[in-house]
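According to TrEMBL:
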| type | residues | note |
| --- | --- | --- |
| TRANSMEM | 21-40 | transmembrane segment |
| DOMAIN | 27-478 | domain 'Major facilitator superfamily (MFS) profile' |
| TRANSMEM | 82-105 | transmembrane segment |
| TRANSMEM | 112-132 | transmembrane segment |
| TRANSMEM | 171-192 | transmembrane segment |
| TRANSMEM | 204-223 | transmembrane segment |
| TRANSMEM | 285-307 | transmembrane segment |
| TRANSMEM | 313-339 | transmembrane segment |
| TRANSMEM | 351-372 | transmembrane segment |
| TRANSMEM | 384-406 | transmembrane segment |
| TRANSMEM | 427-448 | transmembrane segment |
| TRANSMEM | 454-474 | transmembrane segment |
Amino acid sequence: MAGGAMTDTDGAHKNYPGNMTIFVFLACLVASSGGLIFGYDIGISGGVTSMDSFLIKFFPSVYAKEKEVVETNQYCKFDSELLTLFTSSLYLAALIASLFASFITRKFGRRITMLGGGVIFLVGAILNGAAADVAMLIIGRILLGIGVGFSNQAVPLYLSEMAPARMRGMLNISFQLMITVGILAANLINYFTDKIAGGWGWRVSLGLAAVPAVIMAGGSLFLPDTPNSLLSRGKADEARAMLRRIRGTNDVGLEYDDLVVASEASKAIENPWSTLLERRYRPQLVMSVLIPTLQQLTGINVVMFYAPVLFKTIGFGGTASLMSAVITGLVNMFATFVSIATVDHLGRRKLLLMGGIQMIFAQFVLGTLIAAKFGTAGVANISPVYAIVVVVCICVFVSAFAWSWGPLGWLVPSEIFPLEIRSAAQSVVVVFNMAFTFIIAQIFLMMLCHLKFGLFYFFGAMELIMTGFVFFFLPETKGIPIEEMNRIWGKHWYWRRFVAGGSSAGVGRKVEITSTV
């Protein structure tokens, strides 16, 4: 059984008054630029690690191994712990930083957290662009990670709190859209900087991370804070005024009252971390752990981090591998618009289920294509036609992720938490997202070397599990006001055993939930 749209007892849909305003649209657009820094880093990492000049300077042993004759096992050419540490150090730093970001977000607001993240990311970008040795390179990556941890903790919350309920999906997915734009920009930059004579193009690629950092930090200076955050910090008059402004109406009494109730419940919580562990919040805790974990176990980061490396491994030349990464970046960005256009109409569950099925198909076909040519020996020469088929298959996978688990892996967790545990729960989301991003980034090349084509079957099996999880355990959340979200668990066939009646917000207004799936 799936949850659905919330209604009053007379069966009418319960919607707060107000419209989508230009003010909200612009604020969400600026805030979503936090996705640029995350996406740019994802795209830039795999590109520079496939550049000969970068490898010669920082990872000469990897370069020497790469240049061995074609008979070398293609699966194991890039297996280097130091190389993967360069990539994955950012995500470990982001994991730790998100825990501190939770406190800042709760005490000082979402805007300050985003501003701090942008400034720290800027410093990391400068260090990376000017790196003289591996130590300087990794220190810069750690600072980039802190910036990513701060932005990923605050931005999804900001977007969900600012958006009207009926358009929350579309506006929240702008964060994922910016991630895809960042990935595409990085892939394009890598393609052209690789051609720079003198072998210093990698410095341009890494240094240009300063651009999205400046956009995010500069934009944060002008952003308003959300009514939820203002209320939780005791600024009631400012919160009411902001709510009127973002809804475009003075008739905000019903929504404001719900925010006040939620804020009072939040202030009564001394330790949101221990509160999150209470039985009544078990559904939210499970979702905050499993959704980001399963998102990374799709195998998407295998493709997006290491796309150029992966294409080199299956026989593409250096420039061709970078161009193939550009193609996947374009597919990633344009497919995200499918989710933006449909998420508030079809709902979250349908997109996750359909995307899961498409990813399962693509992974198993891709694994079979690699197995047919490279087998377990990892030695083969593939024709241009065969290579194109592989790229098409990867694009089918990337497109499925981009309109399902990519954006919804951030949207769903950000909209299901009550205010009293919201910042802590979002930190759990970021921690598990970054933890498994770190793990996958750290062990991918080793897994590719040992599992060979079986790696794609492994991720296909993970996608079977996650699609089943959505089918049985994730209720529909589209169109439900964020402060009323707790009620969906009380009507779910499994989660109702943990929830004893509705949420703290909206107590006294009896509502029902009707299934839309």
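Glycine too: its Cβ is placed from the backbone N, Cα and C atoms.
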One stretch in 82-105, 171-192, 384-406 has more Cβ pairs under 8 Å to the transmembrane segment (427-448) than the rest, namely 82-105
Checking 112-132, 351-372, 454-474 against the transmembrane segment (21-40) for Cβ pairs under 8 Å, the most are found for 112-132
| query | Hey, does the transmembrane segment (112-132) touch the transmembrane segment (171-192), meaning at least 3 C-beta pairs closer than 8 angstroms, sequence gap 6 or more? | reply | no
Q) Can we call the transmembrane segment (351-372) and the transmembrane segment (454-474) in contact, meaning three or more C-beta pairs below 8 angstroms at a sequence separation of 6+? A) yes
Beyond a gap of at least 6 residues from its ends, the CB atoms lying under 8 Å from the transmembrane segment (384-406) belong to 176, 179-180, 294-295, 298-300, 303-304, 307, 311, 314-316, 324, 327-328, 331-333, 335-336, 338-339, 342, 351-352, 354-356, 358-359, 361-363, 365-366, 369-370, 373, 466
